[in-house]
Amino acid sequence: MSNAYKRVLLKLSGEALMGDDAFGINRATIERMVADIAEVVRLGTQLAVVIGGGNIFRGVAGGAAGMDRATADYMGMLATMMNALALQDAMRHAGIEARVQSALRMDQVVEPYIRPRAIRQLEEGKVVIFAAGTGNPFFTTDTAAALRGSEVGAEVVLKATKVDGVYSADPKKDPSATRYSSISFDEAIGRNLQVMDATAFALCRDQKLPIRVFSINKPGALKRIVQGEDEGTLVHV
């Protein structure tokens with residue numbers, strides 16, 4: 001089966017790395033994610049990753065607790081750096097060559113984000129992990145995913161979540177909620193469906209960059225998406 005996508009941007013939340021733990025990085029969980037990523041890489045699809053930091057620190061929470069919001073956001077960016085290094089290490093153990101590029105310079109640890117270099121590394125078959133969000137406070141890692149996906153020419157943003165798509169209502173609260181197989185950006189806005197934060201969502205819509213929302217906990221889901229199967233929810237123009 002041929003791949004539906006040549007280049008994709010995978011958005012992983014920091015919380016996804018916790019597994020069943022209350023905090024931090026669950027090694028078994030990250031190894032399972034890397035096994036799914038390895039399948040996609042071996043199929044020949046170029047894969048970039050934007051990773052969050054909510055399993056370690058959330059800037060929004062810090063700001064709400066009285067901390068200076070910009071300072072809290074920078075702390076959140078450093079949390080994404082820790083997650084990116086953990087993901088790179090797990091990939092190395094799985095035989096996948098990965099590079100971490102950071103929006104904040106930390107040259108002794110990771111490479112700075114340089115767009116042409118990132119594209120070249122993707123073309124060479126390496127996984128590129130983007131850390132530190134956009135490098136600016138007040139922007140989420142969802143926005144970083146939309147931005148980096150647009151910059152490197154990804155054909156789709158794959159948003160990995162704990163639910164298997166976009167629903168008409170919260171399925172945990174409403175048993176009658178139905179999952180959308182596909183929905184347009186305008187429909188999602190009109191129905192107030194929280195696919196991503198507004199800035200990220202608007203950027204994807206304006207760049208005509210579709211979003212595929214799927215469950216990171218569903219085995220083989222990432223591979224099925226890359227092969228063009230109907231998995232999760234496609235948000236399109």
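Positions of Cβ are set from backbone N, Cα and C atoms, glycine also.
Look at Swiss-Prot and you will find Lys11, Leu12, Ser13, Gly14, Gly54, Arg58, Thr161, Tyr167, Asp170 tagged as ATP binding site, backed by sequence analysis. Within the same chain, residues at least six positions away from Ser13 (ATP binding site) with a Cβ under 8 Å of its Cβ are Ile51, Gly52, Gly54, Thr141, Ala160, Thr161. The DSSP secondary structure for Ser13 (ATP binding site) is coil.
Per Swiss-Prot, UMP binding site is recorded for Gly53, Asp73, Thr134, Gly135, Asn136, Pro137, Phe138, Phe139, Thr140, Thr141. DSSP classifies Phe138 (UMP binding site) as coil under the three-state reduction.
The CA atom of Thr140 (UMP binding site) is located 12 Å away from the CA atom of Lys11 (ATP binding site). In this structure, the binding-site residues under consideration are Thr134, Asn136, Thr140, and the one with the smallest number of other Cβ atoms within 10 Å of its Cβ is Asn136. Summarising the ATP site geometry, the residues cited as binding it (Lys11, Leu12, Ser13, Gly14, Gly54, Arg58, Thr161, Tyr167, Asp170) extend over a maximum Cα to Cα distance of 25 Å. By neighbour count, meaning other C-beta atoms within 10 Å, the densest spot among the binding-site residues Gly53, Gly54 is Gly53. Reported as a whole number, the C-alpha separation between Lys11 (ATP binding site) and Phe138 (UMP binding site) equals 18 Å.
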